[in-house]
């Protein structure tokens with residue numbers, strides 16, 4: 001075997017027949033080699049369950065348990081606790097379910113596992129990933145398909161799902177390729193720091209913040225929208241409306257709501273509602289802990305399930321309206337292939353984005369050997385959900401009398417405020433986003449304040465200033481640019497450039513090169529992924 005120091009430099013080329021030549025090493029290197037060889041001299045140690053008498057907490061310590069305790073204490077005396085060179089190796093420490101506290105009186109107390117040791121079956125892990133990825137992008141899928149064209153849009157959803165899945169797989173495997181390091185509690189920023197130093201750590205942090213703040217901006221725009229339409233529904237007559245849709249170009253096929261000029265003045269989607277939300281949400285962002293809001297995360301699953309029901313019901317009522325024009329548009333239909341397709345790829349980059357937390361999610365999987373399979377099934381489920389909603393709304397949009405170009409970035413805006421089923425969807429999403437928004441703000445605070453001040457809550461003034469900046473950004477976008485499709489594609493392309501395409505690909509190539517295993521097909525493919533991320537970003541500004 002080979003022995004390396006902490007900088008991955010070889011100390012001993014080989015260990016053969018018990019002969020160790022360490023005379024040429026300095027004292028620190030010699031101590032490091034001694035710790036390694038000392039660890040090799042022991043066989044894996046395990047306390048058999050039969051050595052514990054019954055399940056009595058006051059049970060006698062067996063000889064094996066006493067040996068275990070002595071061995072751990074021996075390692076502790078070799079060096080200071082702050083020196084990682086001679087800490088007890090992994091095979092000395094028992095598994096969590098076999099840990100006992102041994103007292104000097106000769107008794108052993110069983111250590112019961114808490115939530116931190118709980119593991120989830122594969123089905124729970126798959127739906128946890130699905131629930132985490134299912135965000136506001138689902139509302140923009142029909143609009144994205146419209147921008148790319150029906151046929152090309154379906155192709156892009158499938159291809160982007162496969163590409164982002166592979167890049168997510170590379171993130172998941174990135175900790176496994178690091179030798180001589182305990183990466184059990186590492187996250188992706190730690191991996192970036194290992195390979196690229198401070199630049200890698202801060203770049204991953206900045207782009208992660210872009211994705212979180214971008215999501216918070218989209219939430220603010222949507223909450224303004226949902227609150228406006230909810231209030232409008234309550235103010236107007238609460239009657240079932242016919243299944244007609246609204247086109248922003250001016251055509252309207254529904255009963256006109258009876259709102260007057262005073263109501264329109266004080267209840268405006270862009271002029272007043274974004275400011276009303278400050279009264280509700282700004283105080284919630286200043287909470288020291290977000291554990292209360294975490295209890296409502298299940299509402300995200302209920303909202304998606306209800307949206308699927310709503311889309312199915314509307315598609316059945318409206319029927320399909322499709323007419324294929326491959327490259328030329330008509331009065332009511334769009335070509336199947338359009339040059340605006342980068343707008344869909346930008347939205348999809350955010351829609352399939354889970355790369356900054358996939359390592360944490362997979363740690364709770366009970367069967368770690370199934371991580372790749374479960375991740376693939378989760379992406380398949382997410383892709384099918386996006387396809388189902390996007391294709392059905394696009395196909396069912398009534399053309400004629402309306403043009404397919406009327407599909408809004410938030411497809412719920414194509415339904416009138418008086419539609420009861422859509423009112424339920426908006427109200428549910430409004431409540432769900434009200435509880436998720438403080439969670440996103442908490443994540444922004446933890447990541448930023450933790451790196452700048454070493455404390456998640458350095459003081460009320462620091463937190464309040466950060467929250468003012470975040471809320472102010474959302475208010476400005478809701479006031480002057482309330483297009484969730486464009487906001488999603490810009491933030492998705494920016495954060496996806498680093499966390500989806502560039503960093504996972506570069507880390508994989510650097511890892512292979514250090515091991516001498518990098519070959520030109522892999523280098524070409526992963527370089528193509530980097531260029532694809534760059535092209536995806538530039539396409540948002542020029543297409």
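The backbone N, Cα and C atoms fix where each Cβ goes, and this holds for glycine too.
The shown structure was predicted, so the numbers you read here are calculated from the model rather than taken from an experiment.
Annotated features, as they stand in TrEMBL:
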| type | residues | note |
| --- | --- | --- |
| DOMAIN | 125-536 | domain 'Amino acid transporter transmembrane' |
| TRANSMEM | 150-172 | transmembrane segment |
| TRANSMEM | 202-222 | transmembrane segment |
| TRANSMEM | 266-285 | transmembrane segment |
| TRANSMEM | 297-320 | transmembrane segment |
| TRANSMEM | 340-362 | transmembrane segment |
| TRANSMEM | 374-397 | transmembrane segment |
| TRANSMEM | 420-440 | transmembrane segment |
| TRANSMEM | 460-481 | transmembrane segment |
| TRANSMEM | 487-511 | transmembrane segment |
| TRANSMEM | 523-542 | transmembrane segment |
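Between the transmembrane segment (266-285) and the stretches 202-222, 340-362, 374-397, 420-440, 460-481, Cβ pairs under 8 Å are most numerous for 460-481.
When each of 374-397, 420-440, 487-511 is scored by its Cβ pairs under 8 Å to the transmembrane segment (340-362), the top-ranked stretch turns out to be 487-511. Each of 202-222, 420-440, 460-481, 487-511 was scored by its Cβ pairs under 8 Å to the transmembrane segment (150-172), and the highest score goes to 487-511. Between the transmembrane segment (297-320) and the listed ranges 202-222, 420-440, 460-481, the one holding the most Cβ pairs under 8 Å is 420-440.
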